[in-house]
Every structure is written in structure tokens, then in C-alpha cells.
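These come from TrEMBL:
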type	residues	note
TRANSMEM	27-50	transmembrane segment
TRANSMEM	62-80	transmembrane segment
TRANSMEM	92-113	transmembrane segment
TRANSMEM	120-143	transmembrane segment
TRANSMEM	155-177	transmembrane segment
TRANSMEM	189-211	transmembrane segment
TRANSMEM	223-245	transmembrane segment
TRANSMEM	291-308	transmembrane segment
Amino acid sequence: SPGRTPSTSLTSVAPPFAFGKQAADKALSAVLIVVLFVIMVSLGCTMEIAKITTHLRKPKGVAIAVMAQYGVMPLTAFVLGKLFQLGATESLAILICGCCPGGNLSNIFSLALRGDMNLSIVMTTCSTVLAIGLMPLLLYLYSRGLYEGDLEGKVPYKGIITSLVLMLIPCAIGIILNEKKPQYTGFIIKTGMVVLLLSSAAIIVLSVASVGSGITVVFSPSLLGSSALMPFIGFLLGYVLSTVFKLNDRCRRTVCVETGCQNVQLCSTILKVAFAPEIIGPLYFFPLLYLLFQLGEGLLLILVFRIHDRIKKPDGK
């Protein structure tokens with residue numbers, strides 16, 4: 001509703017859970033920001049300035065990723081809403097998610113898939129910067145007939161800028177450490193991965209426990225189907241597009257996860273800002289549902305590629 005104001009920058013970048021408990025929200029969000037900082041420093045340690053500048057000078061991979069991110073995902077969300085005959089509110093929740101930029105999860109998946117980390121960070125940065133202009137445009141185009149209000153005016157610009165800061169500053173620290181103190185980078189990367197595994201398990205448990213029985217409303221067959229298909233289609237078409245444009249294997253893996261992974265934190269913020277609780281109801285929890293499918297399908301993708309790499313090795317690759 002128009003009278004509502006966005007939540008603080010801490011809650012705007014945290015995963016969507018425990019909505020009714022502001023003190024718990026802020027405490028958990030602060031912890032998550034520290035965790036994200038450690039993880040992004042570790043990812044920065046895998047990057048090299050020379051390779052980053054190469055991607056900026058020859059932005060073929062970045063251009064393909066942006067085309068996939070803002071071409072494939074909003075259209076996929078819109079089509080799934082029609083295909084599953086969702087109501088206006090449900091369609092809007094999925095559409096908002098589809099119009100969001102890529103999230104930090106894509107950078108983590110890219111590392112696990114042995115993708116190009118330099119391209120991954122450049123892509124996520126460009127995707128997030130472009131969201132300032134493309135998100136309101138896409139929401140305006142696709143939400144016509146579904147929502148009478150000013151949905152494009154609800155884009156959380158503060159949250160977008162905060163996401164950029166929380167990604168670029170720790171990554172820059174990691175890059176500097178990699179350049180100046182390379183003997184420590186192996187330990188930092190391992191520490192980041194351990195923190196990632198522990199925090200992922202904790203976030204899932206706390207999220208499900210916090211929302212309680214309210215989330216069962218979101219677990220309707222139509223929403224489950226659309227939530228499961230959306231990241232899958234993103235991963236698949238991202239890989240297909242990058243193959244068509246003849247990117248190398250590491251870049252194809254990176255574009256694949258960058259396309260399928262959405263910034264669900266921004267989606268959660270828009271839902272909280274744009275709609276009163278009595279209108280959106282339990283659909284506040286849709287970003288969590290998408291996050292769980294995104295995480296599960298991403299882990300399955302990592303497993304498939306790891307098996308593929310192991311099989312191909314004996315053949316001489």
C-alpha cells in the first residue's frame with residue numbers, strides 16, 4: 001500500500017523469513033551480511049584483475065548473460081503464470097521474481113561448477129546496475145492488466161545499491177589479497193566454503209521454522225510447478241544461448257547459473273513494499289520457495305557437471 005515504507009537496508013538484502021519479528025529479522029540479517037561478506041571475500045580470492053579487464057574489453061559473455069537475464073527470465077515468469085492459470089496476485093509474485101537481477105548465489109554456483117569466476121562477478125555487477133533501469137521498464141510492460149498500481153515505482157533502488165556494495169567491496173578485498181598475499185588465498189577460499197555450507201543449512205532450517213504453517217498456502221501445485229520450472233528453464237536456456245554464441249565451456253557454465261539464479265531478496269522487498277499483508281498474504285513467502293528450488297536445482301546441476309567432468313577426464317580432457 002502507498003503508506004508503507006521499505007524496510008531497512010539490512011532486511012532488504014536478507015533472505016525472506018520471520019517477517020513478523022522485526023528484532024529477529026535485524027539480528028539474523030546482520031549475521032547474514034557478515035556471512036555474505038566472508039563468502040564474497042573468498043570468491044574474490046579466485047579472481048584476477050587482468051581477466052576481469054579482458055571481459056570488460058570484450059563483453060560478449062556479459063552481453064549474452066544480460067540478454068538471457070532480462071529477456072528469458074521475465075518472459076518465462078509471464079508465460080508460467082499464464083500456463084498454470086495463476087491468479088493476478090500469484091502471477092505478480094512470480095513476475096517480480098523474474099524481473100530481478102542475478103543474485104550472489106550464481107557466483108557461488110559458478111565457483112562450484114568450475115565456471116569463469118571473473119565473468120561471473122562482472123555479469124552479476126552489470127545485471128544489478130542495469131536493474132535500476134530495466135526492472136521498472138519490465139515490470140511496467142509485463143504487469144499491465146494484472147496490477148492497476150504503480151508497480152514499477154516500487155523498485156527498491158536502495159536495496160539494489162546495497163547489493164552492489166555488499167558484492168563489490170568484499171570481492172575487491174579478495175582480489176587484492178590474491179594479488180598481494182597469494183599464500184593465504186587457499187585458506188580463505190576453504191574458510192568461505194565452510195561458512196557457506198554451514199550458513200546455507202542454518203538459513204533453510206531457520207526459514208522454514210520461522211514461517212511455520214503459513215508457507216503451506218504457497219505449496220499449491222500451481223505455485224510449486226512454476227517455482228520448480230522457472231530456475232530450470234533459466235539454467236537450460238542460459239546454457240543453450242551461450243552454446244549458440246560459441247562461448248567456451250567455463251563461460252557456458254557461468255552464463256547458465258547466472259540466468260537461472262534470481263536475487264530473491266529484492267523480490268521479497270518489492271512484495272513487502274508494494275502490497276499490504278491482507279492482499280499478498282502468505283505469498284510473502286514465495287521468494288523463499290523459489291530460493292529452495294533454485295538451491296536444490298543448482299546443487300543437482302553441480303552434481304551433473306562434476307560427474308560429467310569425471311567421466312571425460314579418462315578420455316583425455
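For all residues, glycine too, the Cβ spot is worked out from N, Cα and C.
The stretch from 27-50, 92-113, 120-143, 155-177, 223-245 with the most CB pairs below 8 A to the transmembrane segment (62-80) is 223-245. Highest Cβ contact count with the transmembrane segment (120-143) among the listed stretches 27-50, 92-113, 155-177, 223-245, 291-308 falls to 92-113 (criterion: pairs under 8 Å). Under the criterion of 3 or more C-beta pairs below 8 Å, with sequence separation of 6 or more, the transmembrane segment (155-177) and the transmembrane segment (223-245) do not qualify as touching, having fewer than 3 such pairs.
Remote same-chain residues near the transmembrane segment (223-245) are listed as 60-61, 64-65, 67-68, 72-73, 76-77, 80-81, 83-84, 86, 90, 94, 97-98, 251-253, 255-262, 286, 289-290, 293-294, 297-298, 301 (criterion: CB distance under 8 Å, separation of at least six residues from the stretch ends).
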